[in-house]
Amino acid sequence: MLILWTIPLFLLGAAQGKEVCYDNLGCFSDAEPWAGTAIRPLKLLPWSPEKINTRFLLYTNENPTAFQTLQLSDPSTIEASNFQVARKTRFIIHGFIDKGEENWVVDMCKNMFQVEEVNCICVDWKRGSQTTYTQAANNVRVVGAQVAQMIDILVRNFNYSASKVHLIGHSLGAHVAGEAGSRTPGLGRITGLDPVEANFEGTPEEVRLDPSDADFVDVIHTDAAPLIPFLGFGTNQMVGHFDFFPNGGQYMPGCKKNALSQIVDIDGIWSGTRDFVACNHLRSYKYYLESILNPDGFAAYPCASYRDFESNKCFPCPDQGCPQMGHYADKFANNTSVEPQKFFLNTGEAKNFARWRYRVSLTFSGRTVTGQVKVSLFGSNGNTRQCDIFRGIIKPGATHSNEFDAKLDVGTIEKVKFLWNNHVVNPSFPKVGAAKITVQKGEERTEHNFCSEETVREDILLTLLPCKTSDTM
């Protein structure tokens, strides 16, 4: 069904209305920049709060599986709930065609409960999101105003600080968060999970998510290819203090499975269909979900472009360190600047998405031959696979380096294993070795050196141990 809905709903809409006002929310017009522009040509007004029927579903550490409904019209529902003023409050706001009781929304709360005590409020506006895309994009304004109203009730009635509020919005939900933030002075943080492009990219700041909407705005871009012709749903525009572009921000690894295997997904037909239609777009919240339980597995590197990142021009982290994409990005919030900052990293194809980046530099010994070289790292937490370091003419004394992303943080590196081959019959049986291999983890400035005086024939592993002091001189 989602396949049949998605594209037509992006295109449908109707022209009507000029201005409408709602109690406690203010007035909404169809004047520029909200409508009648090249980006927003259709003149639509947002639906009424009654028609959208936004619900605020509270989960806490005390009720992690059954929500309590908080009502804007009755603050006593907050007082009677498990909401605790001493805790941070994180709102999770879904996007187009989604709903507040979707598995990923509830799972995000559950992951949080494993690492913190928190008020987790799922914002359900499915009646306003399950319509034509253009109408849903306009309904964002009312839903954002309602989220701001809920925060205002917390501030006024419960002496709660807006600085303790974190809004997490996916797709259209990211712009809901932006609207709420623009109405809430001192809002602590907004996380935009692949903010949607259509009707928002290139608009003035009051229409979309932007850095002024909270003290700290971080954004994860996973579907930033142009909507036409590539059907990329997310925006490529930098709209936060920190904008993260995992895997380049456009095409996520693991999203190119064939249609049947993608639709008949292990999580069921519905989840599989969603992934087939919008796999890249959905990866943003999947990365965030996993980041909650992996506080150091999504280190992101400041870099001018993904091409530079893949060309090994952005390693290691600068002196001030690298932020972690996702839940813990705000630990780096003191390093925000006036200009938006762009960060890159790679992820895995599927769970587990977390990766740890290493650079390996090796100096050859032995004969001059043509071949390819791989190394694997062994540490206190485990070992990596064999990773490609060099392919070409292997010359003794020459040094080559490469970077790779490991599925685990190996911990304290204890040894390195070297392997070479060329699969060419050579009656002289040449031997090649690595006199020294230097390993550096991306988040660290320290280099670790491993040495060997041996050489080996192809396809035979050579183990290098930490260099003696005299070996590194």
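Think of each number as a place in line: the chain as shown, counted from 1.
Heads up, the Cβ atoms here are built off N, Cα and C, so glycines get one too.
Residues or ranges marked as signal peptide by Swiss-Prot: 1-17.
The feature disulfide bond is assigned by Swiss-Prot to Cys21-Cys27 (among others), with sequence analysis given as support. With a 10 A radius on its CB, Cys27 (disulfide bond) counts 8 other CB atoms from all the protein chains.
According to Swiss-Prot, the feature disulfide bond maps to Cys109-Cys120 (among others). The C-beta environment of Cys109 (disulfide bond), restricted to residues of the same chain at least 6 apart in sequence and closer than 8 Å, consists of Tyr59, Pro64, Ile92, Cys120, Cys122. DSSP assigns Cys109 (disulfide bond) to a helix in the three-state reduction.
Swiss-Prot lists Ser171 with the feature active site, nucleophile, giving similarity to another entry as the kind of evidence. In the three-state DSSP classification, Ser171 (active site, nucleophile) falls within coil. For Ser171 (active site, nucleophile), the same-chain residues 6+ apart in sequence whose C-beta sits under 8 angstroms from its C-beta are His94, Gly95, Phe96, Asp98, Leu193, Asp194, Pro195, Val196, Phe233, Gly234, His281.
Taken from Swiss-Prot, the feature active site, charge relay system covers Asp194 (among others), and the record attributes it to sequence analysis. Summarising the environment of Asp194 (active site, charge relay system), the number of other Cβ atoms within 10 Å of its Cβ, over all protein chains shown, is 30.
Per Swiss-Prot, the feature Ca(2+) binding site maps to Glu205, Arg208, Asp210, Asp213. Other C-beta atoms found within 10 angstroms of the C-beta of Arg208 (Ca(2+) binding site) number 27, with every protein chain shown included. DSSP assigns Arg208 (Ca(2+) binding site) to coil in the three-state reduction, outside any helix or strand.
Of all the Cβ atoms in the protein chains shown, 20 others lie within 10 Å of the Cβ of Cys255 (disulfide bond). Feature annotation from Swiss-Prot assigns disulfide bond to Cys255-Cys279 (among others); the stated evidence is sequence analysis.
The active site, charge relay system annotation in Swiss-Prot covers His281 (among others) and is backed by sequence analysis.
Taken from Swiss-Prot, the feature disulfide bond covers Cys303-Cys314 (among others). The DSSP secondary structure for Cys303 (disulfide bond) is coil.
With a cut-off of 8 Å between CB atoms and residues at least 6 apart in sequence, the same chain places Ala299, Ala300, Tyr301, Pro302, Phe332, Phe343, Gly442, Glu443 near Cys322 (disulfide bond), listed in sequence order. Residues or ranges marked as disulfide bond in Swiss-Prot: Cys317-Cys322 (among others).
What Swiss-Prot lists as domain 'PLAT' is 356-467, and the listing cites sequence analysis.
Around Cys467 (disulfide bond), the same-chain residues six or more apart in sequence whose CB sits under 8 Å from its CB are Lys436, Asn449, Phe450, Cys451, listed in sequence order. Look at Swiss-Prot and you will find Cys451-Cys467 (among others) tagged as disulfide bond.
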Per-residue pLDDT averaged over the domain 'PLAT' (356-467) comes to what?
95
From the Cα of Cys317 (disulfide bond) across to the Cα of Arg208 (Ca(2+) binding site), what is the distance in angstrom?
31
What is the one among the disulfide-bonded residues Cys120, Cys279, Cys314, Cys451 whose Cβ has the most other Cβ atoms less than or equal to 10 Å away?
Cys120
By a simple count of other Cβ atoms within 10 Å, which of Glu205, Asp213, the binding-site residues in the record, is least packed?
Glu205
Near Cys303 (disulfide bond), which residues of its own chain have a C-beta under 8 A away, given they sit six or more steps off in sequence?
Phe309, Lys313, Cys314, Lys342, Phe343, Phe344
Summarise the domain 'PLAT' (356-467) by DSSP state, stating how many residues are helix, strand and coil.
0 helix, 70 strand, 42 coil
